[in-house]
Amino acid sequence: MAAAETGRRPHIPVLLRPLLAAVAPVSGVWLDGTFGAGGYARGLLEAGADRVIGVDRDPLALEMAQDWAGAYGDRLRLVAGTFSQLDVHAGEPLDGVVLDLGVSSMQLDQADRGFSFQKDGPLDMRMSQQGESAADLVNEASEETLADILYHYGEERASRRIARAIVEARAAGPITRTLHLAEIVARCLPRPKPGQMHPATRSFQAIRIAVNAEFSELVEGLEAAERALKPGGRLAVVTFHSLEDRIVKRFLQLRSGGEGQGNRYAPETRAEAARFTLPLRRAISPDEAELADNPRARSARLRVGVRTDAPAGPVDPQVLGMPLIPKKGRR
């Protein structure tokens, strides 16, 4: 969940202080692959980075940054694009890469972006504002494909029940609003107890991941970071749910010479030269003070790797435990 600003006061990025501590000393050229409202980029510049390249696929994020980015002069360069191509966007070896995954607070808080199940808006969910929207997917995908997306990308146990309800609802007319979809999902699940998450949480996560191809983007981004980082360069990744954290954890384990497989069905892997070392024994989570200030940070996890001089190479997404959903066409 990339950090953002709400318009009332600056929102401090999740895990910023522990991230800066974990990658210290900060110097040279860094790339923030999920620029958002620029919180990490500013943190890196203030911590000592000579220059920061800010990459974001959301044109609105880069547009909003124009109000303050000029104050940093040529120390901050903004690029419209995806972090899966971060090595191309950088155009030079990097001393560090930061990735803050998922949807931003800014995107969640703007109802017209269609990410929120608590605010009525068009069923969109496109980070780049281009390509297939959530409404396209929900109204055109087959029931089987919808069920697979909900189960594999949202870990939703009631995936088949929800997919059936969506298909039945769209038969009466297109599903085009966020609250309409949230209501359909909620009717399929027990009423949550106080303090429990909204019943549409997992379904909205799954559809968003599918619309934005977030898992393939993540795997390609990790490979791109490996190619771009200098020996000694730092890779810091903040995740917000178990599926993406599993991919990052497995990538760093494999690339640091760790053994074992992501799951028993994954192909066997042979030992290779370590491309990263791991300065942290385990992932870092927000402390109580940060959670009190930002409850959305509860599921955040920070993982860090330090690049070695071993040559970069491709990685098999299946070995990383990336869910693969076969294309089954439209209804």
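The backbone N, Cα and C atoms fix where each Cβ goes, glycine too.
Residue ranges 284-307, 308-331 are listed, and Swiss-Prot annotates 308-331 among them as region 'Disordered'. In the record from Swiss-Prot, residues GLY38, GLY39, TYR40, ASP56, PHE83, GLN107 bind S-adenosyl-L-methionine; the candidate from ASP50, ASP100 listed for the same site is ASP100. In the three-state DSSP assignment, the secondary structure recorded for GLN107 (S-adenosyl-L-methionine binding site) is helix.
Local packing around the Cβ, expressed as the count of other Cβ atoms within 10 angstroms, is greatest for GLY38 among the binding-site residues GLY38, GLY39.
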